[in-house]
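Engineer: If you scroll down you'll find the structure; I have some questions about it.
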Amino acid sequence: MAVVQEPLSPPHPDYARLALASSSDESDTASSPPSRRSARANEAADERPVVLEDLTCATVVDFSQGDEVKAKELDSDEETAVGQQRDEPPSKAPTGVRLALLMLTLLLVEIIVDGSAYLLTCVAFQPLFGRAYAFFPQKWVFLLALSIFFLGCIVAAVAPSSTVFILGRAIQGLGYAGLFIGILAIAANTLPIRMQAIITSLMNLSYGTGTVLVTTSVGWRWIFWILTICCGLPLALGTWLLNPPLIPQTLSVRQRLFRMDWGGAALLLGSMICLLIALQEGGISSPWSSSKMIGLLVGSGALFIAFLALQTWLGEKSSISMRLLTRDRSLAATSLVNWTCGASFFALLYFIPIWFQTVQAASPIRAGVCLLPLIFLNMTCGIIAGWLVSHFGFFHPPMLFGCVFTSIGAGLHATMDQGTTTAQWAGYGVVIGAGMGALYMMSFLASQTLAKPADKSKAASLVCFTQILGGTIWVSASNAIYANKFKNGIELIPGVDVAAVLASGVDRFREVVEPEQLPAVVDVSVEALWNVFTSCAIIAAVGALAVGGIRWVKMDEPGKEKKVDGEA
């Protein structure tokens, strides 16, 4: 994950910050029903690499069955489609070089999209892409999402103005909405089950690789051109390697498009736009008590309530399952943990580089380089956590460890000021990186362990959605916290041109402030960042408490789920 803060010409400084807003053997399954198999055949089935039909509690997600999983909720044509799918011969699990190349393809996509996903369009359209993976061939939906991201990179790279640049970022977010959930869907349907925890942990490695590549670049335009060029390899490999099982459909294309929950996406997008505008302008260009701010906040809340009401009304045909959220305590707690994970994760990675720029006068590139201790521990602990979960089968310890260490690390960052040494900020970064790495994908694995087989795709969509929703809301909320505290503070400093300081951005305010005023302005920035880091510490602590609401289960052998501690 990287920070790119060189301004456009001419931009508003906020638009130029690309901080992290936004990564066996062949099997022959009998086509007869399980009840007709012999005991020996069933035992042999447990030893095979997992294919579509064998996805279980330890699998990431079976998106191929989509959202139409409850027979009593389905129309007759949907029942026929599901029945045909179960009779379909399973595809062969990839092995050897093909397996390695497939994993490389998925990780390359994570490297490319890292640090470049625009969270607004991502959170609005991710549930929609979840439906698309259920209704259409997963390979082509994934390649479509990658192509959209490719287009967004080009638009951002050639952007002559901030408006065009924002458009490019929005297009990137739309593409990333399909890539994030698509990586997990395709990995679940094509990789052996013992690779699931490993592939999710390796996503942390790809994040770190993306950061190193970007922080060694020479300018923000070059970063987007590099991303554009790098999109070519996953496109080529994906076209050749990605062959997840096809989903038999009895519905016409028009009928499937009609059931894509466009209304939900529109309501969610409208709600997020109103909220983000309010958080961006509130207390800065418009008072919080103004009719504009009140209207935006009320409108955002009303649209979000309408979105939830629509999801409830749609029932099993919804893109976000309200049934799982309201009736399954463990999945609700898992979703809350993932919301806090996304909120603290993205906000911290956005504002830690701002601390280096405002307090230590670091350049945007140096601010990104200073993240490397954090990123290194993020990669290392992510891989270790994935191995531990795949080996021992318990996700609770790394989840709790991640929440606690993220909270501690955020609290330590809140203590930083002008006198903080390199050893201190590097050590604090190690703490927070360890927590983030251990936590980041645990909720996803937990959802696949906790959910019933028929609910796995909905559980996956739910926790992925809450993570991006948390990041989208709290990055903007943190920006409002910082901007309001900073503005109110510098207004108290005699002789400071408040408008000029706010317009200059975090990396240029020293150019418009007199030398004798600079220490006071930096002190105000430290106080504003204290508020941001403290809020992130509190949110991560809430996540640690929420872990206690998740029932204790273990991922055992494929096809089995074992509850421990006497749980029924």
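For all residues, glycine too, the Cβ spot is worked out from N, Cα and C.
Here's the feature list from TrEMBL:
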type	residues	note
REGION	1-47	region 'Disordered'
COMPBIAS	21-36	compositional bias 'Low complexity'
REGION	69-92	region 'Disordered'
TRANSMEM	99-120	transmembrane segment
TRANSMEM	140-167	transmembrane segment
TRANSMEM	174-191	transmembrane segment
TRANSMEM	197-215	transmembrane segment
TRANSMEM	222-242	transmembrane segment
TRANSMEM	262-282	transmembrane segment
TRANSMEM	294-314	transmembrane segment
TRANSMEM	336-356	transmembrane segment
TRANSMEM	368-389	transmembrane segment
TRANSMEM	425-447	transmembrane segment
TRANSMEM	459-477	transmembrane segment
TRANSMEM	528-553	transmembrane segment
Engineer: Cβ under 8 Å to the transmembrane segment (262-282), counting only same-chain residues 6 or more beyond its ends: which ones?
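Structural biologist: Residues 14, 120-121, 123-125, 127-128, 288, 292-293, 296-297, 299-301, 303-304, 306-307, 310-311, 314, 318-320, 472-473, 476-477, 479-480, 484 contact the transmembrane segment (262-282) from elsewhere in the chain.
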Engineer: Residue list, the transmembrane segment (459-477) vs rest of chain: Cβ under 8 Å, 6 or more residues beyond ends.
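Structural biologist: Apart from its flanks, the transmembrane segment (459-477) reaches 21-22, 60-61, 63, 119-120, 122-123, 126-127, 130, 180-181, 184-185, 272, 275-276, 279-280, 319-321, 324-325, 331, 334-336, 338-347, 350, 443-444, 446-448, 450-451, 535-536, 539.
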Engineer: Should anything in the same chain at least six residues away from the transmembrane segment (294-314) have a Cβ under 8 Å from its Cβ atoms, list it; otherwise answer none.
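Structural biologist: Result: 261, 263-264, 267-268, 270-272, 274-275, 277-278, 320-322.
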Engineer: Short question: which residues 6 or more past the ends of the transmembrane segment (336-356) have a Cβ under 8 Å from it?
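Structural biologist: Contacts of the transmembrane segment (336-356) (Cβ under 8 Å, skipping residues fewer than 6 from its ends): 1, 3, 5, 19-22, 119, 362, 364, 366-368, 370-371, 374, 399, 402-403, 406-407, 409-410, 413, 416, 429, 432, 436, 439-440, 442-444, 446, 463-464, 466-471, 473-475, 477-479, 482, 506, 529, 532-533, 535-537, 539-540, 542-543, 546-547, 549-550.
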